[in-house]
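Asks: Got a structure for you, written out below as C-alpha cells; questions coming shortly.
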Amino acid sequence: MVAQAAAASGGRVRSLTQEDRDCEQCFAQDGMIHDLTAVGVQIVDSKCSASYGQIVNYLEKAKDLTGIAFVCEPDFKVSLNPVPRRVLPLDLSECKGGNSVLGTNDPKSSCQSNLEVIRIGAAWAAARAAKQKLKDIVLAISDTGVDMTHPDLVNQFWRDPVDGSIGHNFLTKTSDVTDDNGHGTHCAGNAAAQTNNSLGIAGVANANGGSPNVKLMILKFLDAGGSGDTSNALSALNYAVEHGATVSSHSYGAYYASQVFENAFKNAAAANHVAVVAAGNDASTLDQVPMYPCSFAVDIPSMLCIAASTSATKDIKLAYFSNAGTVTKIAAPGLDINSTYPGGYASLRGTSMSTPTVAGAAALVATLGLEGQEITDAIVQSRTAGIPNKFNLTHIGELDALNAVHVALGQPTSPPRTSKHPGRVRGF
C-alpha cells in the first residue's frame, strides 16, 4: 500500500530531511497504518512527530519512486443533519389494531401511513408470491448504533460467524454498538424492524415477517452528539463491504468534498455494494450547495441519494426541509416517521428517515436475486411520476416498493401514481 511503499523507498529518496525521517519513523510504528482494503483506503495515524503537511510532502517525494498515485487528506468531521424538532414518544393509545392496508398485526403499524405510501404491503405479498426462494441479505446501518435489546429489533440482527457480534463500534474499537443518541435505532427499525410479531411497528425490508431474509449489521461511528470522523465512516463502509453487506444506509453528511471519501464509495460500488445516502435537511438545492456523500452519486450510478417527501397517502410532495437536486431521483416519506427508539418508540423527521426506508426497499429487491446496479435500477425505474417541489425538478419520483419488486421479477408495473397538483409548490 501507499504508506508502506513510501517508507520502503526511503533509501532511494534523495536528500532526506529530518522531516522525511520523522515520516519514516511514523510509518514504521506498529498500528500507525490501517488498511481498508475493501474500499482502497489507508488511514495513517499522525499522532506522532510528523504532521499532516509533512506526511503529504514526504509522499509527494516518494511518489515517483513508488509508482503509486495517491490522494492524501486530513480526517474531517461528518454529522447528522437533523430537522429542528424534539423527539416525540409515541402514544400507545393512538396506535393500535395493526394496519389492514399493510396486512400487519403490529399495533403501531396503524400509525405508519409512510409505509402505505410506498405500497410495501403489496410489495411483500408480490415477493412472497414469486416462485423462487428469497436470498438472505445483510443491510448495514452506519450511524449512532442501536438499542441492542429492543424487542422489535433483537431478532433482526446479522451475526458475525466468527465472534457472534452484530457489528462494530469504531469509536471504542469494540463490538458494543449501544446507541447513545437514538438516531441509529430509529433508522434500524425503519429499515427492518420485525414485522407481524404483534409488537410495535413494521419495518420495510422483510417480506417474510417473523423469518427475516434481511438482517441488520450495525456500524457505530457517530457519537452521542451525532458527530464522527471520516476515517471511522470509511472504516464502517469497509467493514460492511468486507463482511458481505449488500446494501448500506448512511443518514449523515458534510459539505467537504473529499476525494478519498468518493473513491471509497466508488470502490464499494465496484464490489456490487449499494450505498443509500441522505440528501440533507437544509431546504437547499444540491446543484448549488452539494452535500456529501450524497452528491458523489453524480459519478457513482449505483449510489442512491434520497430526498424526503410528505408521509400522507394523498397530495404527496417534497417535504419542506428536504434538500434536492439533479442527483436526487428518489424521495421517500420523511415527515413524522414512527420507528424504534432506545427503550421504546418515537417519531422523527428528516431525510435521515427517508434513507433507511429506501435502503430497506433495496434490500427487499436484493432478496429476489438482484445485485449492485440492478438493485438501483429497479428502485429508480419503478418510481412514481414526479412529485411537486419548490425547486422545479421534474425527475424526482416517490419510492414505489411494489413496482420495484415487479421490475425485479420482470413483471409489468402498475401505472405510476400522479400527484394531484403537479408543478411548483409554494409556501414551504
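Backbone N, Cα and C define each Cβ position, glycine as well.
OK, TrEMBL features for this one:
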type     : residues : note
ACT_SITE : D143     : active site, charge relay system
ACT_SITE : H183     : active site, charge relay system
ACT_SITE : S352     : active site, charge relay system
DOMAIN   : 135-383  : domain 'Peptidase S8/S53'
Asks: Return only the integer: C-alpha distance in Å from D143 (active site, charge relay system) to H183 (active site, charge relay system).
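Replies: Between the Cα atoms of D143 (active site, charge relay system) and H183 (active site, charge relay system), the distance comes to 7 Å.
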Asks: Mind looking up the mean pLDDT for the domain 'Peptidase S8/S53' (135-383) in the predicted model?
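Replies: Here the mean pLDDT over the domain 'Peptidase S8/S53' (135-383) amounts to 96.
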Asks: Rounded to the nearest Å, what's the C-alpha distance separating S352 (active site, charge relay system) and H183 (active site, charge relay system)? Just drop the number here, would you?
Replies: 8
Asks: Going by DSSP, is S352 (active site, charge relay system) part of a helix, a strand, or coil?
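Replies: In three-state terms, S352 (active site, charge relay system) counts as helix.
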Asks: Sort H183 (active site, charge relay system) into helix, strand or coil using the DSSP assignment.
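Replies: Going by the DSSP assignment, H183 (active site, charge relay system) falls within a helical segment, counted as helix.
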